[in-house]
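Chemist: Would you mind keeping the following structure in view while I ask a few things?
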Amino acid sequence: DYSHLADPQVWIHGAVQIFFSLGIGYGCIISFGSFGKKSANFVRDASGVALTNCGTSILAGCVVFPVLGFLAAELHETDPCIAGDSLESLKSIGLSGTGLAFVAFPIAISQMPGSFFFAILFFFMMLILGIDSQFAYIEAVATVLCDAGVGDRLPRWALSGLICLVSYLIGILFVTNAGVYFLELFDNYISIYVMFAVGALECIGLMWTRRGQTWEHFQSLCLENTGLHLGWIWKASWGYICPTLCVLLVVVSITPPFAKADVMDARSSKPFPEGAGCVAQCFEEQPEKRSQEAVSQWEEEVKESKYYKELVQLPATKKISPSPKDWKCEKSGDTQNLWLNLSDGYIGGGRRHWDGSGGSNGALEHFEEEKAKANFFPLVVKLGTITPDGADVYSYAPDEDNLVKDPLLAQHLEHWGIDVMKMEKTDKTLAEMQVDLNLNYDWSRICESGDKPLVRVRGPGLVGLKNLGQSCYMNSSVQLLLGLPEVKQRYMDADFKIRKSAPSDLQNDLIGQVAKLADGLNGSRYAPPLKEGEDEEDPKHVIAPQMFRTLIGRGHHEFSSSRQQDAAEFVQYFLEQLTRAERSALGSRLSGDRPSTSMFSFSVEERLQESTGSRRVKYSRVQQNMLGIPVKLEDADNLEEVLAFKASKEKDESDAKKLKTEGVEEPKPLIQLSKCLARLAAPEEGIQFRGTSASKTTRLASMPRPRV
């Protein structure tokens, strides 16, 4: 994929590889060169070293990348979260950097014929390379000290031994529990920025110090000892080209959008608190504290509205009373859940929910009425949430349609006579209302087992999929995924733009099939107004995704069959196929630059610690899009009842008399989600780690945007 050549990071990493492998900026090559004969052809020697190094790097690349590709394909078979055709996901599980040498290659070698023999050769090679590198670095330091006169009083062997001792003491830092982080710190900040700067300073020191006399003296020495005349090519290269490129690499390495100075995210990252991550703790706190924490944990990031700076505000012909007793919806007269339009001062009720609850829809309907008159008044604020710290501000603009921030809120409210410094909170925010809904909603209202009758509904987003025979796993998964706002925004195809740009065989185009499904499920074609006595099975109102099922199941021995399948496996498979199809469609047929699956991605951090001995610790992160939680029978609230029934049933099976459990419904284990989450976050003992027993703790390092 040659498009990666346009990525500055590729060139930065390439330059780092050259600097590191050749030892540029470390002083090794200069130290070794100082022991050569003055009459030696150093141009030939330097060119030979550079060409040999590059050849070795190319050979190493021919070995490394096939191994990584093989591992990616192998790991994809066991974990679909790891992309089989990309190396990016391997970084998240430690198969990069030091993990490449000590994890990836050992795994690959273990699967080779004669693996024991090749493993010995491989690790012997690693030992030799380590010792060889130490020769270079120790000699570089010793040469500098001797040339500076610092080591004149010590024999060379004693000076080298002293350097080794000091290096050993410093190196202890890298074998502590936090050693890998210090290693990354040194690697990122020394091998990148510093080496580029040192390379530039070496060129500047040779060419431009002492008003150019250093360069002239170097020219005369070369001509006198080797007979080589260093002409304008060398002067241009060392005096202008090399320093400029080195400085450019430093700038690009720390300048957005190419890169960032804080390469390890030290400023934005936060320490992981001891004992944190156990989601089940929120179920054990006091109700008031639990509600506050729930709001803070589930509150999404709110972005600034793009319309607040140039918000139109009509002349204030009225003033809004600061007293909640004087507020009411100008359309319905409601006195709860009221929103003030910041442009014209209209007070309207909040949105009406699908079940009839919520507000009167007055604020939204007023926005749409004004929009029809060519007036664009998008920002509203919820009365009752206004405090000196802010308030709930919502944007009805189609490209936002969400909670937003208004940095000029105090100024906009002052226009209507409201002083935010004197306001107190009298109503719940949207985040608090959402938490209350999750905690207190009567879910039996949407369940057939509830004591309340179901009400027939129809409309965009309420369209069902016909069961094609054991296809409920596919229907439920697709209906859920295509109902997400992000997916609807990308795949809604009312103007047939996506489908018109499809290849001639639309039945084989996954992008087109998904767009057709998304438009059918969320559009109005299959959702006309509901009429009394209307046949629900009328083909005009039902979507039968036969073409989609045939396409998505093609080539898969399970999903192409008519047997019932696991919904979780299908979701993973569908997202994988969708990602592949979107690679060539993003930016052309589809909006955006990231695949739809990226919204589900999150990181799971695993911490392994030895139970005995030095108690070493290893952290690893895995990028996933589905979280599996352990469900154990021993966590059931009605465990005694379940075990008693099983014991009675086993006794009945061994007794020829009338069965006591015959006709009795087997009790279902009742396991709370909080207990499953607590088990997920609890340390797992007895894990084998580096030849000894260890404990493993699992934490969520990040969260996906939608949680379904």
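Backbone N, Cα and C define each Cβ position, glycine as well.
Unlike curated entries, TrEMBL annotations are predicted automatically.
Below, the features straight out of TrEMBL:
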- 690-700: compositional bias 'Polar residues' (COMPBIAS)
- 303-420: domain 'UBP-type' (DOMAIN)
- 463-708: domain 'USP' (DOMAIN)
- 687-708: region 'Disordered' (REGION)
- 12-36: transmembrane segment (TRANSMEM)
- 48-72: transmembrane segment (TRANSMEM)
- 116-137: transmembrane segment (TRANSMEM)
- 157-183: transmembrane segment (TRANSMEM)
- 190-208: transmembrane segment (TRANSMEM)
- 238-259: transmembrane segment (TRANSMEM)
Chemist: Restricting attention to the domain 'UBP-type' (303-420), give the mean pLDDT.
Modeler: 87
Chemist: Given the transmembrane segment (190-208), which of the listed stretches 12-36, 116-137, 157-183, 238-259 has the most Cβ pairs that are under 8 Å apart from it?
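Modeler: So the stretch in question is 238-259.
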Chemist: Residue counts in helix (H, G, I), strand (E, B) and coil for the compositional bias 'Polar residues' (690-700), per DSSP?
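Modeler: Going through the compositional bias 'Polar residues' (690-700) residue by residue, I get 0 helix, 9 strand, 2 coil.
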Chemist: Please list the DSSP helix, strand and coil residue counts for the domain 'UBP-type' (303-420).
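Modeler: Counts, helix then strand then coil: 21 helix, 24 strand, 73 coil.
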